[in-house]
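Accompanying notes for the structure given below.
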Amino acid sequence: MDLEGGTRRYSAKRESWRTVLTLAYQSLGVVYGDLSISPLYVFRSTFAEDIKHTESNDEVFGVLSLVFWTITLIPLVKYVFVVLKADDNGEGGTFALYSLLCRHARVSSLPNCQVADEELSEYKKDSRGAAPERSFALRLKSTFERHRVLQRVLLVLALIGTCMVIGDGILTPAISVFSAVSGLELSMSKETHAYVEVPASCIILIGLFALQHYGTHRVGFLFAPVIIVWLFCISTIGIYNIFHWNPHVYKALSPYYAFQLLRKTQKGGWMALGGILLCITGAEAMFADLGHFSQLSIKIAFTSVVYPSLILAYMGQAAYLSKHHDIEQDYHFGFYVSVPEKLRWPVLVIAILAAVVGSQAIITGTFSIIKQCSALSCFPRVKVIHTSSKIHGQIYIPEVNWVLMILCLAVTVCFRDTKRLGNASGLAVITVMLVTTCLMSLVIVLCWHQNVLLALGFVFVFGTIEALFFSASLIKFLQGAWVPIALALVFLTFMYVWHYGTLKKYEYDVQNKVSINWLLGLGPSIGIVRVRGVGLIHTELVSGIPVIFSHFVTNLPAFHEVLVFLCIKHVPVPHVRPDERFLVGRVGPKEFRLYRCIVRYGYRDVHKDDVEFENDLLCSIAEFIRTEKTGLNSSNDEPGKDDRMAVVGTCSTHSLLMSEDNVENVENVENAGPSELKEIKSPNVIKQQKKRVRFLVPESPKINTDAKKELEEVMEAREGGVAYIIGQTHLRAKPGSSMVKKIAINIVYEFLRRNSRSPSFVTGVPHASSLEVGMMYQV
């Protein structure tokens, strides 16, 4: 899939080579921080116990050969040449692949999907067209759509990858900072170093997490220079070591030495693969952070800067070790031993800064993927703070940040060495890559419509390599590899139970929604007093009347004169264009003044604040009213039919709402031409960032008196205030349910609900304008 399939933002990135090179420069600090600092701990982890360093240098050269081919096959061949092309309208990562599959095979786990969602610009299929009839892709697609079990397996697979990314967000800062600080062992005694290493690492980690709320953009301009200086240092030191110690080390790049190592050491060489795979730690970020950059910029940065620098660094370490066989000291295989003594302190400082940059990148990536999971109802509601108004995707989640910090400190204090930290980190990294390989094989068949043999070849080549690394990591379960498994099980349980509870709640709403005939029987007053103002009733339903509405009118004697059944939902695309954001329709006859508005967001979209959202919402309803009688909106002519909706854009896509800066221009238009405009001014002007909201109604046959009157009533109701009615539901398992269901719903889901943010907080509803209606659901 070409990058042209994305939004216009991504095509603009390729306007010039200057833009591409700028993005490539920026990607060095954001994408490659984690991958660039891997030389700090690869050799040390590999030679920890499993293989020994002998005079023949077979082990050192064999490890160098394995490192070289691992970096070449996984990041270069797999990611650069294949996986990066599987972007979801410019976005990458595990959920991007899952989103692609959801759209092509209808396996989405989102409960309130609509046919109208498939008409979104970013929902459209790529340029490869539909799968040929009687093809394997069509049969596979039909199989996934028929069997719910396969859909759940696909969801669990995506969630496992997500959980391991979260685990990586805990383990990577620990091993990166700990390995960088370990350089102090060369300048002090072993006893003193034991009391300094852990506290120093913990202090740096606490500072790293404490500064997260400031956002990456405030210090982001330093990221790329730090990584560039670091890559220059390790490549220069590598070249020095090659020429000074062993100029013939390049011969070890031959795969012969890798096979020779495995043949000689057998089980030890196989177990050493758990340390070698650390050389590709952070490679997944090339795909996960694709949304911030472009395919070409990431490819240029890796192939021209990162890849040669890493290879030179590893060759330099191998050249040094090939001439030094004194293994009495524990730090003999550490990175700093191969650094010339006069440069160790400057390199130590640069290494610590590079470790912080690499850790920052994975922490930000963890925030981003948790936000995506929350948008797709796979993670409890959390507070998402956008730390930059200019840089897309820079977010901060307080609850997640402090949980990551506590777990990261606990791992650092408990393990206290790079060996066990490396075992834990390696298993998390390779699991994410295995998940990507599995999902990518399905994308090749279902989305790209390629021959199934190509997908099988992809799985066979890369799946076999990654399975070897995975087995080597898993065998070290008791030596630290249990940590990512335990973390993944806990997060997977929470995420799947939350998703299961969300689905059950939606099913209850669908089964108990109120009939439209009940509403018609109440009459225009709905059987109660209608008071001035706008009432927004939050619901997950995209059709029908929610049970919360009947529950509310049964207990309160009054309601607002304008009622809007508001559904804020996410669709399996990264972004929804502003002119496709709203779906608006009527509920019941026109005189009821009841509307339904469905607001659609992509899983990476930014939610607007309450004032701007209210303006967009009322503006979309006004545009719906204005165009309803002009033939532009003829799909909703029948009273009582509330399942037909019209696509209406935000304020920027039409002229019913004007900002304060445009008021003078509007008045000039009123005085300048035959097309007269009548301005309905509100007594209390709404201001937000010096913006004034006004309806402009054309005096022409295109809009009749009834529509004009309705617009005036909506505007007057807006001036009376907007109230948000939100359902606060409590789930309980039905009597007679299985013990597993009771534990999942009554204990785990209820615990998550009580400790997560309320719906009003997540949607940005002002506390003074919200009203929560409590209900008990038995599912």
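Glycine is treated like the rest: Cβ placed from N, Cα and C.
Copied over from TrEMBL:
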DOMAIN    23-519  domain 'K+ potassium transporter integral membrane'
DOMAIN    533-778  domain 'K+ potassium transporter C-terminal'
TRANSMEM  20-41  transmembrane segment
TRANSMEM  61-81  transmembrane segment
TRANSMEM  153-181  transmembrane segment
TRANSMEM  193-211  transmembrane segment
TRANSMEM  223-243  transmembrane segment
TRANSMEM  269-288  transmembrane segment
TRANSMEM  300-320  transmembrane segment
TRANSMEM  345-370  transmembrane segment
TRANSMEM  391-413  transmembrane segment
TRANSMEM  425-446  transmembrane segment
TRANSMEM  453-475  transmembrane segment
TRANSMEM  481-498  transmembrane segment
Counting Cβ pairs under 8 Å that are 6 or more apart in sequence, does the total for the transmembrane segment (391-413) and the transmembrane segment (153-181) reach three or more?
yes
Between 153-181, 193-211, 425-446, 481-498, who has the most Cβ pairs under 8 Å to the transmembrane segment (345-370)?
153-181
Among 61-81, 223-243, 269-288, 453-475, 481-498, which stretch has the highest count of C-beta pairs below 8 Å with the transmembrane segment (153-181)?
481-498
Counting only CB pairs under 8 A, let me know which of 61-81, 193-211, 269-288, 481-498 has the most with the transmembrane segment (425-446).
269-288
Sort out for me which stretch, of 61-81, 193-211, 223-243, 453-475, has the most Cβ pairs below 8 angstroms to the transmembrane segment (269-288).
61-81
When you check the transmembrane segment (61-81) against the transmembrane segment (223-243), do you get at least 3 Cβ pairs under 8 Å, counting only pairs 6 or more apart in sequence?
no
Mean of the pLDDT scores, which run from 0 to 100, over the domain 'K+ potassium transporter C-terminal' (533-778):
71
